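Colleague: Take a look at what Swiss-Prot says about it:
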{"type": "BINDING", "residues": "29, 30, 31, 32, 86, 87, 88, 89, 90, 413, 492", "note": "ATP binding site"}
């Protein structure tokens with residue numbers, strides 16, 4: 001594909017245009033008086049969102065170089081979302097102002113490299129001050145953080161606070177859609193562990209990049225699976241039952257993984273595969289815990305159990321399993337509650353007789369996972385659009401609350417960033433060089449989130465900043481008053497602010513040091529088929545793939561591709577895949 005090249009100021013200006021386009025759409029979503037963004041969907045009703053990452057992902061620009069800028073700032077939002085679960089709009093706002101200030105100084109003759117060094121030096125100062133101002137969160141603060149992150153919605157704050165109180169920080173909280181109009185909290189058995197899907201092709205929700213299995217059957221084994229030959233009998237039985245299927249094994253690789261993906265994508269079997277958590281002997285213990293939770297039999301090599309002898313009675317079950325790229329959450333049925341409690345009591349006895357502190361810690365971790373349970377927040381709404389909106393707000397609020405528990409909180413509303421900006425300004429050397437200018441870029445950027453919060457609430461951002469500095473109090477955008485934001489319960493998770501700063505400086509520094517941008521030139525869309533083309537003519541079909549022992553993929557022969565008449569590909573009939581074919 002031909003490439004478009006852009007150099008020097010031209011490339012940076014085009015990148016900045018893309019960054020500004022995305023940032024201007026995103027920054028209306030910050031603060032308690034934030035505005036919504038409506039996103040058209042190809043199918044179904046439009047989405048109404050107030051989440052920076054979601055908005056940024058939807059924007060594509062005609063100019064290839066500007067679109068690179070749009071994708072770079074979208075990367076900032078996505079990375080912050082992935083790491084902290086919140087703070088995407090703050091990260092976007094910071095990136096935009098840093099890029100604007102950086103490019104303005106470069107146009108005036110500043111050295112990009114020295115600016116970058118100054119920005120990184122300023123960032124280190126800010127992070128050190130941020131850590132010193134952070135305070136540990138207590139029970140009453142959880143509701144405050146959740147409420148602020150939910151845009152001031154006290155109902156969301158209350159339900160998250162209640163869920164946290166019941167399952168504790170070791171438990172699991174999941175958010176799902178409800179059939180009723182009310183948002184409810186339900187506590188059930190379950191656990192999560194740090195292993196994700198073995199292949200991204202198992203994803204069922206492309207937007208959230210997760211795999212969800214409703215009422216699945218579960219095979220649990222400590223064996224490595226590299227071929228599905230031994231699993232054909234049980235796979236056929238599961239297919240007949242029309243249930244989703246999860247394979248939890250020491251490893252799933254090679255031909256076995258390829259064949260599962262093929263069957264998943266062809267609609268033959270709704271399946272996913274996950275590697276077992278932990279390592280060595282602890283891996284088997286973890287699998288035993290999961291087997292008890294789900295009512296499964298652990299198919300173990302130690303007991304000479306063979307995969308080809310597995311029956312439906314050996315499989316476990318769950319209400320729902322959610323798998324991301326690095327985490328699996330199991331929502332179990334309550335009928336295993338007594339068995340789980342017995343297991344917990346047994347583990348507690350092991351703790352008492354174990355001498356190794358390390359082993360005690362590991363056993364206590366298992367107890368916490370089993371006993372913590374799962375809190376289900378069931379989101380109710382009158383319409384599908386409202387449902388999606390509320391669910392996204394609750395997920396953001398939940399992520400922010402977890403981040404607050406991890407690293408503590410600071411004064412919200414951008415107040416802490418303003419304080420640090422003043423401290424950074426006061427520490428500035430009275431010299432004029434490019435490195436110092438880079439520090440100044442950070443100093444000024446720290447004011448921008450509060451300016452935008454004020455603007456979204458209908459106030460002049462510059463006036464609000466001046467009043468905050470004069471009064472020594474924070475700005476409460478809910479009521480337009482200047483207050484002690486800690487006492488008002490307006491708190492931000494330290495982790496969210498830290499990651500927003502780190503991610504924004506990282507991308508902004510890369511952009512201002514960019515000299516050349518290379519992008520694909522979009523090819524013009526050709527008319528379907530072309531003159532005289534047979535619309536149904538096409539590539540000779542792929543002949544039917546060999547049967548899969550009852551689970552065969554339907555043959556694909558004869559499915560011509562429109563517009564490519566006369567270019568037949570030789571059939572591939574009879575090429576059965578090994579194992580289940």
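Just so it is clear, glycine is given a Cβ too, placed from its N, Cα and C backbone atoms.
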Colleague: At a 10 Å cut-off from the C-beta of residue 492 (ATP binding site), count the other C-beta atoms across all protein chains.
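Modeller: A count of 29.
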Colleague: Work through the binding-site residues one by one (86, 90) and point out the residue whose CB has the fewest other CB atoms within 10 angstroms.
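Modeller: Comparing Cβ neighbours within 10 Å for the binding-site residues 86, 90, 90 has the fewest.
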Colleague: How big is the ATP site in terms of the longest C-alpha to C-alpha distance among 29, 30, 31, 32, 86, 87, 88, 89, 90, 413, 492, in angstrom?
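Modeller: Comparing all Cα pairs, the maximum is 16 Å.
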Colleague: Can you tell me whether DSSP puts residue 492 (ATP binding site) in helix, strand or coil?
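Modeller: Assignment for residue 492 (ATP binding site) reads strand.
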Colleague: Among the binding-site residues 29, 88, whose Cβ has the fewest other Cβ atoms within 10 Å?
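Modeller: Comparing Cβ neighbours within 10 Å for the binding-site residues 29, 88, 29 has the fewest.
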Colleague: So if I draw a 10 Å sphere around the Cβ of residue 31 (ATP binding site), how many other Cβ atoms end up inside it?
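Modeller: Its Cβ has 26 other Cβ atoms within 10 Å.
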